[in-house]
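Report on the structure given below.
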Amino acid sequence: MHNTLFRTALLAAALGSFSHTASAEGVMVHLFEWKFNDIANECETVLGPKGFGGVQVSPPAEHKQGSQVWWTVYQPVSYKNFNSFGGCEAELRSMIARCNAAGVKVYADAVFNHMASGSGTATGGGSYNSGQYQYPQFGYNDFHHSGDITNYGDSNNVWNGALYGLPDLNTGSSYVQDQIATYMKTLLGWGVAGFRIDAAKHMAPADVKAILDKAGSPRAYLEVIGAGGESPDIQPGRYTYIDTVTEFKYGTDLAANFNGQIKNLKTLGESWGLLPSNKAFVFVDNHDPERAHGGGGMLTFMQGARYDLANTFMLAWPYGWKQVMSAYRFENMGTYETDKGAPGSTPCTDSQWNCEQRRPTIMNMVLFRNRTEGQPVSNWWDNGNNQIAFSRGTRASSPSTTRAARWWPRCRRSRPASTATSWGAMTTAAAVMSPSTAAARPA
């Protein structure tokens, strides 16, 4: 990793006087496995002041118990109780209000493809038994009974089969749709701005749209992992008529180039086979590929400084609705425990929490992105290998490198005379990756 050590420093003093001009959503951060009270504090002290536009929070519906593993929050038991791993209903509502007051929109992860497996008492006190298809709001007739998913080349098998054996809700049922829509409308009434739709590719697009329509058509981004050899009916492009869709290929393309030659990123966008920019929800990684779920090939926090640089590029480059991952470490005695739940400590108080959103390399680029929103790329420069620079319209330039040699590329500043005053204060509004001043950070 010695040849990829660098530091990204935004000239924050120059940018500090700029007002936020982000698009409606702005940059999202996924505070993975954070408690609601901690999220509220982060909105007020970091996310709002630094210009983040939104925060994704864990599914707030009551769910299967088991804080020692992270995935229990993705096994809901009912949609009428809001006591979850993140906190109680009062803490949830307080967090939403406080984040909104700080200028940070709240997007709730929503799981309604399936319900929890096993039996017992949920985090909100509800009883369930998956063997008998008994849940507080649902019974046997509210589920599909088509066995497990065995063939991703058959869309009906994917939509109606059980994912990892989890009871598959019949999302085509009006009753089921109404229960989920009521849950979503409750959250919207409390101030939630929208939803991430988990496992959307495992539901027919028409079902997802019907539920969202009944909920009042809130803003949503749908998790659809495209994969070669699978049915064309479950590819990301089949869901874009509903709303924004996760573009996992963006992350794998970034990784391939940051592990190769970043000069090729000059044309990154729809011409690479990616979704249209206004339909793409993009990230360097998220909680699934980080744990080798849902496909691999992405950079993660384990790649250290290279990962930071990829995030910096994502925030500087004009493509998609962007999300930064805020993760935690899950090593144990030299091995990776991918099921491991969040550390018991308060976020960002020890080394178990990564808190990527607080790193200057990433945090300061949010303001860069906000200030350059809507500006085209111009003045591209590269050295034919791993040093690049480009400007964003008349506002900013971003040089970067993945090599450890001292360099400072010459990049024309597109400074019109009419903006001399603001540019005089700005000097060089640039994200500067300076390997010569880099400090080693463990991968």
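The first residue you see is number 1, and the count goes up from there.
Even glycines carry a Cβ here, placed using N, Cα and C.
Substrate binding, as stated in Swiss-Prot, involves ARG196, LYS201, HIS202, GLY228, HIS287; the candidate among HIS63, HIS114 given for that site is HIS114.
The most crowded of the active-site residues listed here (ASP198, GLU223) is GLU223, judged by how many other CB atoms sit within 10 Å of its own CB. DSSP assigns GLY228 (substrate binding site) to coil in the three-state reduction, outside any helix or strand. Its Cβ placed at the centre, HIS114 (substrate binding site) has 25 other Cβ atoms within 10 Å. Residues listed for substrate, HIS114, ARG196, LYS201, HIS202, GLY228, HIS287, cover a largest CA to CA span of 24 Å.
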